[in-house]
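Below is one structure, written out as structure tokens; comments come after it.
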Amino acid sequence: MAESIITAADIEQKTIQIIQSGTLDDFKLLGIGSSDINRSLSISSSVKIVNKSKKYPFREITSPTIVVLAILCEREDILEYILDNLNPNLSIYVNGWHPIHYAACTSSYKCMQLLLKVQYIQENIDIPIIPSFKIETDPSYHTTALHIAVTNHRYAQVLLLTSPLPDIIYTDAGKKINNIEPSEFESANIFQLSLQGNSALHIATKIKDVDLVRILLIAGADPNMVNHNNITSTNLAKSLDYREIQEILKNNDIGEVDFYEKYFEPLDFHNMTKDNYDENSEENQGKPNNASKSEVEELQDELNKMIFQIQELSIMIHDFETKDQNVILHVCSRCGKLTENQCPSCSEYFCEDCFKLGVHSCKSSQ
């Protein structure tokens, strides 16, 4: 009986399955080397996202790198192994997004926590997305990981991006170093305007998120800063009749909640250095450094009830920020990019790349 031949496609499929639901030991046994780690997976078809939280900003993705797929599947164990051993190229974009952008939108903050220990990521913390659609805007406007995290209500990621950055344990070339180096880089720019001309605080105000507004105020966001329409966050809250947020912005009311304790798991909460954060908020001094089991369970229950009906982050940004634009954009049925292109036969929307590849079921596109 002839032995079956294992093809490159078989190995690729096994890699995908292990990232989706396998163990770290399974991944190690694949024998992936530095020469393979940066290759795109499943170029001609989409890959389903499977993660622990079962919350999906992306339900599938086309041509992800192993790093990006690990991030979306919330496999911080695999990501850490890759960073420790395989020297990945973290500058690679996938569908217009950088790894830090994907880490900003997942329910788990663990991959963002790891990425921020890489010198290259710290140096490029405000690296912008590359939009898949043309938009007439100020060239200084860029959508960054912070805008993405705020739009998706990712409190822990917003805290990580706006707090003092952690010690560097991976060089700008991605290699692990023996001696930990203190960070000399700035945290995310809270004053950066997104592609649609809104600051993170404007977005937090629009989506009516009190905790995000306060987190950004603690980080130094200015409620009197204007957006592309020359409107402050305070005036925006007033126009939307968000009275609580209006009062918070008007009085720079940061409240008394310890957001680290609220949005990080107890072990991470213990291990995080919060000195600079606490200097900005005397109210947070003297808070206990532990969370009871009941508090953790209560928070977990609360998080489990939060279901985000989103297929692609950029469309959310459009929903919240571009109500005054005339262009109507749709999500590509295969890869999630925004597009105006509609198949004349099946009436589904596909970006140019997916339509040319003929990866959808419409026979006229084959």
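The backbone N, Cα and C atoms fix where each Cβ goes, and this holds for glycine too.
Database features, via TrEMBL:
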{"type": "REGION", "residues": "274-296", "note": "region 'Disordered'"}
{"type": "REPEAT", "residues": "196-228", "note": "repeat 'ANK'"}
Mind looking up the mean pLDDT for the repeat 'ANK' (196-228) in the predicted model? 97
Grouping DSSP H, G, I as helix and E, B as strand, the residues of the repeat 'ANK' (196-228) number 16 helix, 1 strand, 16 coil
